[in-house]
Amino acid sequence: MESFFNSLINIPSDFIWKYLFYILIGLGLFFTIRFGFIQFRYFIEMFRIVGEKPEGNKGVSSMQAFFISAASRVGTGNLTGVALAIATGGPGAVFWMWVVAAVGMASSFVESTLAQLYKVRDGEDFRGGPAYYIQKGLGARWLGIVFAILITVSFGLIFNAVQTNTIAGALDGAFHVNKIVVAIVLAVLTAFIIFGGLKRVVAVSQLIVPVMAGIYILIALFVVITNITAFPGVIATIVKNALGFEQVVGGGIGGIIVIGAQRGLFSNEAGMGSAPNAAATAHVSHPAKQGFIQTLGVFFDTFIICTSTAFIILLYSVTPKGDGIQVTQAALNHHIGGWAPTFIAVAMFLFAFSSVVGNYYYGETNIEFIKTSKTWLNIYRIAVIAMVVYGSLSGFQIVWDMADLFMGIMALINLIVIALLSNVAYKVYKDYAKQRKQGLDPVFKAKNIPGLKNAETWEDEKQEA
């Protein structure tokens, strides 16, 4: 029966990904050129913006919005996904993860700027995302509802099953904890957080992400430094394998590219339409500011966290064997001793659980787009908890396959939409660039963009940043 479901999922997934990679890279390159290599020219600017506070210290700050999206990004894709990519696609998959991220940073700027532009008020806070800019920018509420359903099901349900599946595997491998016990504990913790709303999501995200990411990066640096003589050889292997000069595992260069793209997109979410839901929550003076913040998020996720995992694994073996997290655990055990599996299990628990929390919020804001209803929201919360339990107990491969399918559908819709709305995002960017050239801290007003409609949040003379 499971093989039947695997086939049912893999056939449409393979078809979508066959073409999605070219759209992903093509649009990323288009945005990169159209916006003048914005992800490189404004790289330092991103760090300036990330520390800004909202006026009067009300609402969600730029950094808090960054942590919400980072909570979703920094999870299984960074540890399990990278290991899976290397095991199935070889070292070259890492190179294509870098390529997808580099061009995807421009896509992330566009989608997150649009999310800020078309956000709506929610009490003292804001909410928004692709569903909102599809309705307001394209006038297609029906498509917004389709996207809202997709992201609610995929992130709140499917992707959370992926996260808890990895948690259960890591805890079983390190401590031999019964998966039923893991499922119960995760269900209780998840319920406590998600019934607390946005404030509790923010609190958990900004606590877990910086601490665990910092520790993980330091360990990766230690591994690289202590294996510095082997490091140039690893880089050479990555490039040679990526370009087809050196085959390490079975399959051609096309397979390596697709595997790298899939795992990279699952981790950094550039162009997928997920991070814009976090970007919309921030109180900022200009929509482009969150575009830059989420662009930085893609860099942080792929070039820092994912790359750390890749080097940890490849300095251990260029042909690792095993499923996901077990590969990373074995590599760390080789580098830093017997306590490594314990560390990686705890790190995986915290990273993945923060992703569960961030993923939940993406679903919540889209439930509210479809219909503001406490009943439907509570039904969704119960469904999230049920999928947390399911993921803890289910098989490994079918969960990843379901994630790949839903991720592909979401990305396809969002990429088409942001391509159609890219001219609007470009005008917003030019407004920001003009003010920065004048030495100003940019403040956006909708009237500065002729013909701009449905950006009600930015129509006031004085913006509440």
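Sequential numbering from 1, following the chain as shown.
Heads up, the Cβ atoms here are built off N, Cα and C, so glycines get one too.
Per Swiss-Prot, transmembrane segment is recorded for 20-40 (among others). Sequence-distant contacts of the transmembrane segment (20-40), counting only residues of its own chain at least 6 positions beyond either end whose CB sits under 8 Å from a CB of the stretch, comprise 99-100, 102-107, 109-110, 257-258, 261, 265, 270-271, 295, 299, 408, 411-412, 415, 418-419, 422, 426, 429.
If you look up Swiss-Prot, you'll see 82-102 (among others) marked as transmembrane segment, on the strength of sequence analysis.
Residues or ranges marked as transmembrane segment in Swiss-Prot (evidence: sequence analysis): 142-162 (among others). Same-chain residues lying 6+ beyond the ends of the transmembrane segment (142-162) with a Cβ under 8 Å from its Cβ atoms: 72, 76, 129-132, 134-135, 273-274, 277, 355-356, 359-360, 362-364, 366-367, 369-370, 380, 383-384, 387-388, 390-391, 394, 399-400, 402-403, 406-407, 409-410, 413-414, 417.
Swiss-Prot lists 177-197 (among others) with the feature transmembrane segment, giving sequence analysis as the kind of evidence. Within its own chain, the transmembrane segment (177-197) has Cβ neighbours under 8 Å at 164, 167-168, 171, 204, 353, 356-357, 360, 364, 381, 384-385, 388-389, 392-393, counting only residues six or more beyond its boundaries.
If one looks beyond the transmembrane segment (208-228) by at least 6 residues along the same chain, the residues whose Cβ comes under 8 Å of a Cβ in the stretch are 67, 70-71, 74, 300, 304-305, 308-309, 311-312, 315, 332, 335-336, 343, 347, 350-351, 353-354. Annotation comment: Swiss-Prot describes 208-228 (among others) as transmembrane segment.
Sequence annotations record features per position, and here Swiss-Prot assigns transmembrane segment to 241-261 (among others).
Within its own chain, the transmembrane segment (296-316) is flanked in space by residues 39, 43, 46-47, 50, 66, 69-70, 73-74, 77-79, 81-83, 86, 91, 94, 97-98, 100-101, 104-105, 108, 213, 216-217, 219-221, 223-224, 227, 230-231, 234, 237-238, 264, 267-270, 275, 327-328, 330-332, 334-335, which lie at least six positions past its ends and keep a Cβ under 8 Å from the stretch. Residues or ranges marked as transmembrane segment in Swiss-Prot: 296-316 (among others).
Long-range neighbours of the transmembrane segment (336-356) within the same chain, counting only residues 6 or more positions beyond its ends whose Cβ lies under 8 Å from a Cβ of the stretch, are 71-76, 78-80, 159-160, 163-164, 166-167, 170-171, 173-175, 186, 189-190, 204-205, 208-209, 212, 215-216, 219, 222-223, 325, 328-329, 388. The feature transmembrane segment is assigned by Swiss-Prot to 336-356 (among others).
Per Swiss-Prot, the feature transmembrane segment maps to 382-402 (among others).
Per Swiss-Prot, the feature transmembrane segment maps to 405-425 (among others).
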